[in-house]
Amino acid sequence: MLICLTASHHNASFEVLEKLSVAAPSVAGALMEQNDFIAGAVVLATCNRFEAYLDVEEPLTAARALAVEATVDVVSGASGIARDDVRGSVDVKCGDAVAEHLFAVSSGLESVVVGEGEIAGQVRRALEGARTGGTTSTGLERLFQTASNTSRGVKTRTGLQSAGRSMVRLALDLAESRIADWSATRVLLVGTGAYAGASLAALRDRGVVDVHVYSPSGRAQKFAGPHGIPAVEGRDLLRALAASDMVVTCSTAPTAVLAAHHMQGAAAVSGDGRRRLVIDLGLPRNVDPDVVTVDGVELLDLETISLHAPLRDLTATDDAREIVSTAAAEFRAASAEDEVAPAVVALRTHIFDVLEGELERVRKRGDSSDATEKALRHLVSVLVHQPSVRARELARQGEGARVVDAVQALFGLDVEMPAAVSSPVAVALSRTAEAGQAS
């Protein structure tokens, strides 16, 4: 069973999202380590959302409740947010709703800037991170890979992502009234992560030619070389700030990298009283809000930028949602087929075992021939093909349980299913009950 806990700009404040983003790197591993019944976990954290996707081994209401509470506990511990506040900041989606939600997210339909293209890469990197951490599962792999395919379908079949929508481009739109000549604007880019390339591209599209890059983690030179821009070392940060008209931050640093004292130092170095616009695209925030106490400094942060998100292109959005709904329906159908896979395997194994037994008896009598064996194997393959196909068709129609029952009843087979008594969920429930009695 798939479960998603989601907090976004729709239901949580940016203050909460900022704290959740700090917790994100440790959540999936902790969930897997502490809970046997969670088969996989992928955490997606962006500038406007935090989501934990879980693959729970048993489709039980108890499993859902335990998984949700376990996730709330881990997130609370990692973020420092009170447990009740975490629970109040997340929506829970279960089963079929998870696929449709992630497909919409990866297609940019749930973003602050609807149709923005960066989210698809963030979804892909979330899965890659889970692979690296060893927390993914077969179900989550298929879910996230299908989400990426769906996003590509939305991009190629609708005009939703054709306008280059993104948070950085929206921020530059808002900065337009403050910039007299983009080609003469000197920009300092702070951060070299996945969003830095998109930020640089957006600046260049505006006509900006003077961009320097600074990395709090010391990776400026590695980013600067391939992108053809100068790198700024830590000792030169104040001089770079002093020479800049605009600062764009998109670092993944867990704490603020710029504050009022940096801007005061820059003003002292430049001595020209110039105005500086700081655009903070980081979550957690890269820039301490106290920079606005420095004369001439204006700050655009994610919360402010989000307030100016454009209205949706209704036609393109409707087309995209239709693609998402179709993809989600197909994902549900394919997942339903998996439910009857043990029964189909058991049926095929039984029939081919019977065939092998008969062939062995024929060989012992000396009546066997290669042609006879080949013909019998072909006949059995033909006979089991239609029931196998029909089983998958019935599963897609929601009749998977009947297929399993029929195979067991007609052939006397014991289709292997998880043992509820010794299951991780049962054990967890037992522990919970014991803890309640002890208290």
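The first residue you see is number 1, and the count goes up from there.
Each Cβ is built from the backbone N, Cα and C atoms, and glycine gets one as well.
DSSP assigns C47 (active site, nucleophile) to coil, not to a helix or a strand. Counting every protein chain shown, 28 other Cβ atoms lie within 10 Å of the Cβ of C47 (active site, nucleophile). The substrate binding site annotation in Swiss-Prot covers T46, C47, N48, R49, S111, E116, G117, E118, Q122.
The active site, nucleophile annotation in Swiss-Prot covers C47 and rests on sequence analysis.
For H101 (site 'Important for activity'), the same-chain residues lying six or more positions away in sequence with a CB closer than 8 A to its CB are C4, T6, K93, E110. Positions annotated as site 'Important for activity' by Swiss-Prot, on the basis of sequence analysis: H101.
The NADP(+) binding site annotation in Swiss-Prot covers G191, T192, G193, A194, Y195, A196 and rests on sequence analysis. Under 8 Å, Cβ to Cβ, and six or more positions away along its own chain, T192 (NADP(+) binding site) finds V213, S215, S217, R219, A220, K222, F223, S251. Under the DSSP three-state reduction, T192 (NADP(+) binding site) is assigned to coil, being neither helix nor strand.
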Checklist entry - Can you list the residues of the same chain, besides G191, T192, G193, A194, Y195, A196, whose Cβ falls within 8 Å of the NADP(+) site's Cβ centroid? => result G197, S199, F223, C250, S251, T252
Checklist entry - How many Å separate the Cα atoms of N48 (substrate binding site) and A196 (NADP(+) binding site)? => result 17
Checklist entry - Hey, of G191, G193, A194, A196, which of those binding-site residues are within 10 Å of Q122 (substrate binding site), Cα to Cα? => result A194
Next on the checklist: Just checking a number: largest C-alpha distance across T46, C47, N48, R49, S111, E116, G117, E118, Q122 for the substrate site, rounded to a whole Å.
Outcome noted: 15
Checklist outcome for this item: When the binding-site residues A194, A196 are compared by other Cβ atoms within 10 Å, fewest goes to A194
